[in-house]
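Visitor: Below is one structure. I have some questions about it.
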Amino acid sequence: MAVSSSTSTCSSFSLLLLLLLLAAAPWRSGEAAAAAARALNFTRQDFPGEFVFGAGTSAYQYEGATDEDGRSPSIWDTFTHAGKMPDKSTGDMGAGGYHKYKEDVKLMSDTSLEAYRFSISWSRLIPRGRGPVNPKGLEYYNSLIDELVERGIEIHVTLYHLDFPQILEDEYHGWLSPRVIDDFTAYADVCFREFGDRVRHWTTMDEPNVLSIAAYDSGAFPPCRCSPPFGANCTAGNSTVEPYVVAHNSILAHASVTRLYRDKYQATQEGFVGMNIYSFWNYPFSSSSADIAATQRALDFMVGWILDPLVYGDYPEIMKKKAGSRIPSFTEEQSELIRGSADFIGINHYTSVYISDASNGETVGPRDYSADMAATFRISRNDTPSGQFVPTRLPRDPKGLQCMLEYLRDTYQGIPVYIQENGFGHFGKDDDSLNDTDRVDYLSSYMGSTLAALRNGANVKGYFVWSFLDVFELLAGYHSPFGLHYVDFEDPNLPRQPKLSAHWYSKFLRGEIGINIESTISPDEHEHEHADQ
């Protein structure tokens, strides 16, 4: 992503969010460092026996083979083929997982990976979005699952990871239409029926909060819908309403799938259905009451937007107040359906931000999601709300993960939580050193914060590194590697090679080494510590 100059206003939130998705990186304040350092030494054995450590990928980013064996295009195929990536890359190649999955599952076993999280491509399994199942797609996922079972690797499947079938997008505008609920439920039914005898952990959607903002407010993600002044280069959309509609339909679709599973499959398959959100921890920019209120408001808009309905059956009161008639209402029947519809929640977490109030003048002109939230996001307390907005380096704050886990414990009735993405990328770099000590340091510190939250009563069930190997990164292409294993994208054979972090993770999981947080996070480090992106 190109660095831009702009004024950091509420509407800049979408841009910051996208950058965080692409290039999360280390930083931590001195206060957080001291807190994390108190965790001292730990090993795999310090975590509960049922706690799982894994790593993940997603279908479009990993599989490649986008035009093979009957797969139809997704909205990400359309987006990248239109040349909308900064480097004009596409996911056509991915990491070659469609043909190299057996090799990769062996790598997982060699790494002592306990669990693997991947997503299913809706357009590979059901190319027309509904109706006939693609035998080749079914064969691929069955074979992948069988390989994982044979290696004793716990399987975590995400049904939807941002890659909506283009054919349904063309038919009724995808998540904007309530028609998506029936089609998504029918797709999930196929997955439960065909794979549920071996899969017990199902996540319905990845990051519906990001989908709603990035694709329907700023228009940066496909299907690129927005309206001025909130987004640029969109040919259709309404940023003031559509993010709320998309989130609403996503929640209802999730609840419909959960009801299907509980009614038809759970008694025999004994599995669990949850939903995933993107999260970062929020600190008040100052001690003012306005900034403190804005910090909680930002949590409600980012986290509560999705989780309040799943746990309590309705949106946060502050969202209903700020958005008014632009946010849809749940009927009494819908509220009953969505309440308690998640057996667990998954979070993707990389960094933290500072929040200041931006409510002055918030009633002037049209309002989108970010204006309703009325909060300014900063990378650190030294940031100014002007000049270069998109930084080349982002904060690392392991304490923020602990705070988020404990917030979820206190706010959402102790619902089980999986950290489904946490990782370190070199944004803008074409190569990622095999000697990736910075990634080891990053993962060590966040794993330590996970343990600290566990010891404080957070109901955390697992931790997944993003990503198991280098993949096509959304909006960064092949130039922001996050993987534990290096992939040579210049070689048509896409050879894999374990990085230092893969060897380190393997030794930790086998109990051969411990982690000393004090050596990773020393109390005298300051809030300006960053890793290059």
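Backbone N, Cα and C atoms are what each Cβ position is placed from, and that goes for glycine too.
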Visitor: Per Swiss-Prot, which one of E103, E114, E406, E421 shares the beta-D-glucoside site with Q61, H161, D206, E207, Y350, W466, F482?
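Guide: Looking through E103, E114, E406, E421, the residue Swiss-Prot assigns to the beta-D-glucoside site is E421.
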Visitor: With reference to Swiss-Prot, which of the candidate residues C224, C234 participates in the disulphide bond with C226?
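Guide: That would be C234, the partner Swiss-Prot lists for C226.
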Visitor: Pick from N238, N382: which one does Swiss-Prot list as N-linked glycosylation site?
Guide: N238
Visitor: Hey, of E207, Y350, E421, which of those binding-site residues are within 10 Å of C226 (disulfide bond), Cα to Cα?
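Guide: Passing the 10 Å Cα cut: none.
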Visitor: Quick one: of the recorded positions N41, C234, N238, which has its CA closest to the CA of Y350 (beta-D-glucoside binding site)?
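Guide: When the Cα distances are compared, N41 comes out closest.
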Visitor: Whole-number Å only: compute the distance from the Cα of D206 (beta-D-glucoside binding site) to the Cα of C234 (disulfide bond).
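Guide: Per the Cα atoms, D206 (beta-D-glucoside binding site) and C234 (disulfide bond) stand 24 Å apart.
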Visitor: Reduced to three states, what secondary structure does DSSP give E207 (beta-D-glucoside binding site)?
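Guide: The residue in question, E207 (beta-D-glucoside binding site), is coil (DSSP, three-state).
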Visitor: Please determine which of the glycosylation sites listed here (N41, N238) has the lowest count of neighbouring CB atoms within 10 Å.
Guide: N41
Visitor: Need the DSSP three-state call for Y350 (beta-D-glucoside binding site) to compare against my parser.
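Guide: Reduced to three states, the DSSP call for Y350 (beta-D-glucoside binding site) is strand.
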Visitor: What is the biggest Cα to Cα gap, in Å, among Q61, H161, D206, E207, Y350, E421, W466, F482, the residues listed as binding beta-D-glucoside?
Guide: 18
